[in-house]
Amino acid sequence: MLDLTGKNALVTGIANNRSIAWGIAQQLHQAGANLGVTYLPDEKGRFEKKVRELVEPLNPSIFLPCDVQNEPQIEEGFQTIAAQWGKLDILIHCLAFANKEDLSGEFSATSREGFTQALEISSYSLTRLAKAAKPLMNEGGSIVTLTYLGGVKVIPNYNVMGIAKSALEMSVRYLAAELGPKNIRVNAISAGPIRTLASSAVGGILDMIHHVEQVAPLRRTVTQTEVGNTAAFLCSDLASGITGQIIYVDAGYEIMGM
Ligand code: NAD
């Protein structure tokens, strides 16, 4: 049985009720995990209020700001986790960012700043958070990140985010190799296209979803709950032999050649 009772799980990347991280947090909670939630702080505190209200029914015992570009915030956050929980079992990395102008049109037009920022937030942050989580996962652990087919194949408009996802997927393999001897497993879920705040910045996202609905073996795209269920599985003992993998939760779209 899928049981996460007694596990401390930190979930990053909840922005609203469409977020994939929200689907994951709900499934982890349902499986009995004790949740910690981070949010991206903004000057007016709007994100904090929104996320706090949303996650309240899941009773998170930790609720922290975490901008992955902010080193002191990462350090303080993990100090709080160490002080309050002592150990961390599960880390969900479910965040990404690229400038909207870099998510349509010609890839060669990507600016140096846009490229650097997209890679720092969307790829490097996994390594940075894994470094912070490692000493707290002394009883083993599971790290799960979110990727997309655009990191493996060319998807129109995905552009710089494809490069970021490619780096993210290779980071999963290097981290899995390094952390495996400590029984920390690192995997990625490659989700099919879902309408969210982040995906709405990708040019033509609705056309992508429509295309998947016509072509994918299951003739539909996937839900946040389906991704959440797979994340809960990967974090559980049922997946104890799986690490360094990219698991496609995409209604089968990835296998199709045409
Ligand atoms: P979302 O907009 O709900 O989530 C993106 C999150 O990234 C937000 O919570 C935002 O606050 C966070 N974020 C951005 N910059 C940050 C920073 N500097 N520090 C900390 N957090 C930051 O969108 P989503 O689609 O749920 O995205 C979650 C993950 O799923 C992303 O990695 C995305 O690439 C991936 N993904 C999405 C789809 C899709 O179609 N929606 C498909 C495959 C993979």
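Placed from the backbone N, Cα and C atoms, the Cβ positions cover glycine too.
Residues or ranges marked as NAD(+) binding site by TrEMBL: G13, S19, I20, D67, V68, L95, K165, I194, R195, T196, L197, A198. Taken from TrEMBL, the feature substrate binding site applies to A98. Here TrEMBL flags Y148, Y158 as active site, proton acceptor.
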Between R195 (NAD(+) binding site) and Y158 (active site, proton acceptor), what C-alpha distance do you get in Å?
14
At the Cα level, what's the spacing in Å between Y158 (active site, proton acceptor) and K165 (NAD(+) binding site), rounded?
10
Mind checking which of I20, V68, A98, L197 has the fewest other CB atoms within 10 A of its CB? They're the binding-site residues.
L197
Rounded to an integer, what is the Cα-Cα distance in Å between L197 (NAD(+) binding site) and A98 (substrate binding site)?
12
Listed recorded positions are G13, I20, V68, A98, Y158; which sit with C-beta under 6 angstroms of ligand 1?
G13, I20, V68
Give me the non-local Cβ neighbours of Y148 (active site, proton acceptor): same chain, 6+ apart in sequence, Cβ-Cβ under 8 Å, ordered along the sequence.
I155, Y158, M161, G162, K165, S190, A191, P193
If you count other CB atoms within 10 A of each CB, which of K165, R195 wins among these binding-site residues?
K165
Taking DSSP three-state, what's L197 (NAD(+) binding site) in: helix, strand or coil?
coil
